[in-house]
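Sequence annotations record features per position, and here TrEMBL assigns compositional bias 'Polar residues' to 137-147, 189-207. Under the heading region 'Disordered', TrEMBL lists 137-158, 170-207. The annotation transmembrane segment is assigned in TrEMBL to 12-33, 45-67, 73-95, 314-331, 338-357.
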Amino acid sequence: MIQSYDPIIQSLFASLFTWGVTALGAALVFVLPSDRRRGTTILDVSLGFAGGVMTAASFWSLLAPAIEISEAQLGALAFIPVSVGFAFGAIFVFFSDKMIPSCVGAELSIIEVLSSNKEVIPTGANSNNQTEVLLNSGQGITSNEGGESSFDPRKRGMDEGLRERTTLAITSRKALRDDNNPNEDNNNKITVNETTNDRPSTQQSSNNSDLLISWRRILMLIMAVTVHNFPEGLAVGIGFGSIGKTPAATFEKAFNLALGIGLQNFPEGLAVSLPLASFGYSPFRAFLYGQLSGMVEPLAALLGSSAVLLMEAILPYALSFAAGAMIYVACSHGNGKMASASAIIGFLVMMCLDVGLS
């Protein structure tokens, strides 16, 4: 039935299927135990299976049609566009992984204030039960009338909701001056007023830091899986968009590619939801975050199928690009970056030899 539809519509349906399988994998968090050791074993087995599926799907559904098209156009030099596209696909995922920490780096701003940029100095002689804090920088501090200052979290790029109860008061320079240390720089000394009911305690500050560190890790995990899902959706779109361009590019091949990507998406949804459940998140929230990573696939599939239909000349590059990205993702599970890069290089060398000498 789906064969009668336009390739773009076919790719949309196929990518919705792969997203649904991602959500199905994430839904296992409702039935699987949240024990970390057992969860790690399940993930290792699932991701290993996914790696095999992706490698096979990359060759038979993407690289084989790309090689066939290139051979018809370039003959013995057919390996050039295929190798270029394959290498750029792997490089794309590699640099996307590298960029993820910088995308969420702002989440560490509260930690810089509460941990790395301060030194707590206990002052037992203070009758108001105040704690002096020496900040290395005064960023985010704005002065008010009367010698008081307020800490503006928006100037540090932080989540205002987590710190709406935070109040810092600076006493006058004269009150903070230590007669025994006249050379001490008191410009950046502030006091945390602990006499009000709205004050944040040291425990609350520590909890906020832990919360942001945890949220940053979760965000990085979701973004990493999302980045890996983008080329998979792209591959689905390219697979359906290339139907009929070559004898090897058939509907059955595109369908099998979507089915294979759906199979490997199953453990990827679980790879997000199960760790979240282990860290104390409710199964429902863990499921929501797990399926969220697959939302990018329909968009990527539409982009891939549209690009191939509009620019047929890029088809060998597009097919091999998707294959390179998928194989890099398959190799990166549980391995270091150098091992993944070596696997990509080895695959490239053997492919060039096989295509160029055949």
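A Cβ is built for glycine as well, from the same backbone N, Cα and C atoms used for every other residue.
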For the transmembrane segment (314-331), the distant same-chain contacts (Cβ-Cβ under 8 Å, at least six residues beyond its ends) come to 50-52, 54-55, 57-59, 62-63, 65-67, 69-70, 73, 81-90, 92-94, 228, 231-232, 234-235, 238-239, 242, 245, 261, 264, 304, 307-308, 339-340, 343-344, 347
Spatial neighbours of the transmembrane segment (12-33) not adjacent in sequence (6+ beyond its ends, CB under 8 Å) are 2, 5, 39, 42, 46, 229, 232-233, 236-237, 240, 254-255, 258, 261-263, 265-270, 272-274, 276-277, 283, 286-287, 289-291, 293-295, 297-298, 300-302
